[in-house]
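Beneath this line is the structure, given in structure tokens, with notes to follow.
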Amino acid sequence: MNPIILSVSVMLILALLRVNVVVALTFSALIGGLVGGLSLSETISAFEGGLGGGATIALSYAMLGAFAVAISKSGVTDLLAHSVIKRINGKENIHAATGVKYLLLCLILLVTISSQNVVPVHIAFIPILIPPLLQVFNKLKLDRRLVACVLTFGLVTPYMILPVGFGGIFLNNILLKNLHDNHLDVLASQVPLAMALPALGMVVGLLIAVFISYRKPRTYAEVDNSELAPTSVEPTFNKRHIQISILAIIAALSVQLYAGSMIIGALAGFMVFTFGGVIAWKETQDVFTRGVHMMAMIGFIMISAAGFAAVMKATGGVETLVQALSTSIGDNKPLAALLMLIVGLLVTMGIGSSFSTIPIIATIYVPLAIAFGFSPMATIALVGTAAALGDAGSPASDSTLGPTSGLNSDGQHEHVWETVVPTFLHYNLPLIIFGWIAAMVL
């Protein structure tokens, strides 16, 4: 059996059985390596060798976590939570409450989209912003699976279509570069256009989640946790701190764009908060520790996913799988497009990162797409969609780990069944459909 299919299947089964994701990734990597023809020592060596590939991401998230905690020190998130609570107080009318619910969802969506480009903190804002709002969600009887879908949409869709922030990294630095490296002559301006139709599939999935799947109210237990819920006293805000926050955000974005590093960008923003007096010098250690603690589990999962990816590369399972499919397809172009997307789904769900999937599949997909007669635009859509598939819906993806880190602050939101499964169904299925259509019509 192909090691990619087996190892991803084992990982998903273990995750669905509520086994820790780090354990599931490590165990499935061992199984995949042994089935793929590697010895136990070779498998362990490949896994350990790949762990370093996730270190940069883990450190990035630690720095972003510290930056997000610094933002919270300015009082911005408390201001938002209290503003929402004031709006729903006395809103016993069902229509008024519904209006507030959709307004809140739109606000969360805008903040999430902004976290990918305007304020590039990625998922680090979620454990800061969402826990104070859980009390609001409970009062509105808002299904947290819907919030998870909204958050994941905002984390994934922008990088598929907007060539700024993380989208600039995905579309230009990774996707376009790998297409050029594999001798596909395309322009940077063509990449977002080719990804527009697959991104529309994400929009369809979001609308289904909002207006069909999770529109009914859902009741959660009121958990007494003073650290999560905002106080009933109206908070006071230091205008100077708000101004410093804006300056820090601008500095973080500017430095990240200039240096091309989330680590340096987050560090710059953190230092602005420190020199600006929002964080006292004696508090910097505590703030940084809180940020690292907040993002630690996500960092460990991403490191484990890098080890898993290294084992999968060492087995040559992706190449074998694609070759087996290409020989069985014949000259059936529609079937070729569908199977290429499904293989991308399997790879990304195992690795947990669409950014890491592109270098793996582009080397094989570009010549294969050219051989089947796909246009350059269709090839862009195939490779880009195949990589994005699985990012929403993988237990090891930061696009699902981030939402869970905020929504499960009171222990009432399960990662696999209430984040992974809903996002998989609402986003991966439309992505396959719209990605296939894009490959056929472009």
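Keep in mind that glycine also has a Cβ here, set from the backbone N, Cα and C atoms.
Swiss-Prot lists 21-41 (among others) with the feature transmembrane segment.
What Swiss-Prot records for 51-71 (among others) is transmembrane segment, and it gives sequence analysis as the kind of evidence.
Taken from Swiss-Prot, the feature transmembrane segment covers 94-114 (among others), and the record attributes it to sequence analysis. Residues 80, 84, 87-88, 125, 129, 133, 136, 140, 142, 146-147, 150-151, 153-155, 157-158, 210 of the same chain lie 6+ residues outside the transmembrane segment (94-114) yet bring a C-beta within less than 8 angstroms of a C-beta in it.
If you look up Swiss-Prot, you'll see 117-137 (among others) marked as transmembrane segment.
Summarising the annotation, Swiss-Prot assigns transmembrane segment to 150-170 (among others).
What Swiss-Prot lists as transmembrane segment is 192-212 (among others), and the listing cites sequence analysis.
Residues annotated as transmembrane segment in Swiss-Prot: 240-260 (among others).
Annotation source Swiss-Prot lists transmembrane segment at 261-281 (among others), citing sequence analysis.
The annotation transmembrane segment is assigned in Swiss-Prot to 292-312 (among others) on the grounds of sequence analysis.
Under the heading transmembrane segment, Swiss-Prot lists 335-355 (among others).
Annotation comment: Swiss-Prot describes 358-378 (among others) as transmembrane segment, evidence class sequence analysis.
Taken from Swiss-Prot, the feature transmembrane segment covers 420-440 (among others), and the record attributes it to sequence analysis. Cβ atoms under 8 Å from those of the transmembrane segment (420-440) belong to residues 15, 145, 148-149, 152-153, 156, 194, 197-198, 200-202, 204-206, 208-209, 213-214, 333-334, 337-338, 341-342, 345, 374, 378, 381-382, 385-386, 388-390, 392-395, 399-400 of the same chain, restricted to positions at least 6 beyond its ends.
Contact count against the transmembrane segment (21-41) (Cβ pairs under 8 Å) is highest for 292-312, out of 51-71, 261-281, 292-312, 358-378. Non-local neighbours of the transmembrane segment (292-312) in the same chain are 3-4, 7, 11, 21-22, 25-26, 28-30, 32-33, 36, 38, 43, 46-55, 57-59, 61-62, 64-66, 68-69, 123-124, 127-128, 318, 347, 350-353, 356, 360, 396, 398, 401-402, 405; each lies 6+ residues outside the stretch with a CB under 8 Å from one of its CB atoms. Per-stretch counts of Cβ pairs under 8 Å to the transmembrane segment (261-281) identify 51-71 as the leading one among 51-71, 150-170, 192-212, 335-355, 358-378.
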